[in-house]
């Protein structure tokens, strides 16, 4: 194996530690902090000349701080003559700003971030479950977008008490993801929640396509943000006779009123991964369980360093 160096910012220290343990490689010695005026301070405290360097840093909240930490770390490593720099971004912030809405005068911020990373000297990006896969095309460097689905599915298959399970897509846009999960769950049945607003200033109506009566529903999505729509979906499923509702998502964004929304009795359990750290308020709910993607990301890092196929991990 080439001379791999792992470094981490302050976004996901526990995930970075787990990845390093999986690879039997200690995290690199770097100072990543703040100057007295709040500016980001980075210093690499060991030799990285010619090394294959991986920086583990989600760009979750505080998004701008974590993004700037990553950018400044890349620059420091580039100036220290690192051989190759791969940005390992388990959760890629700004991914939902990937297009202009009709003729609105808004930026495509995902493209701005991609340009920023490319220009500062990133040679490759490793990320997980991009909100929009076409973001890979925004980069001028190779992007490996791995999937958290196998980890989620493995957990679902371990649930021995599921009764007549059915996979549910919380919206039309998630149908492809839900279909893929259903196929991997022994061709399980699938339902779709079609959200419509009949007219302006009228509450959104949720139509459920599929029979969920007396069944355990498994809602699958790439991320949970405020959780408002997810809880409404769970309520609609239970109103239609669902026995239990489990929510599975890769990214636990949990912003705004998420803690209040997810306290609802409509969701029996929420299962996420460790791409984003949980806040104390979310942990206190007692119904959010975290799976780790450290094994998958460690294997992806090993394969990238050895010039092996990443797609073979999911074939």
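Any Cβ shown, glycine's included, is placed from N, Cα and C.
TrEMBL lists 4-121 with the feature domain 'Ribose-phosphate pyrophosphokinase N-terminal'.
The ATP binding site annotation in TrEMBL covers 37, 38, 39, 96, 97. All protein chains considered, the CB of residue 37 (ATP binding site) has 5 other CB atoms within 10 Å.
If you look up TrEMBL, you'll see 131, 171 marked as Mg(2+) binding site. Annotation for residue 171 (Mg(2+) binding site): same-chain Cβ neighbours under 8 Å, separated by at least 6 residues, are 193, 194, 195, 229.
Secondary structure from DSSP puts residue 195 (active site) in a beta strand. For 195, the entry in TrEMBL reads active site.
Positions annotated as D-ribose 5-phosphate binding site by TrEMBL: 197, 221, 225, 226, 227, 228, 229. With a 10 A radius on its CB, residue 229 (D-ribose 5-phosphate binding site) counts 18 other CB atoms from all the protein chains.
Across the structure, residue 227 (D-ribose 5-phosphate binding site) and residue 96 (ATP binding site) place their CA atoms 16 angstrom apart. Least crowded of the binding-site residues (38, 227, 228), judged by neighbouring Cβ atoms within 10 Å of its own Cβ: 38. Here residue 38 (ATP binding site) is positioned 28 angstrom away from residue 225 (D-ribose 5-phosphate binding site), judged by their C-alpha atoms. Mapped onto DSSP helix, strand and coil, the domain 'Ribose-phosphate pyrophosphokinase N-terminal' (4-121) counts 40 helix, 29 strand, 49 coil.
In this structure the C-alpha atoms belonging to residue 37 (ATP binding site) and residue 228 (D-ribose 5-phosphate binding site) are separated by 37 Å.
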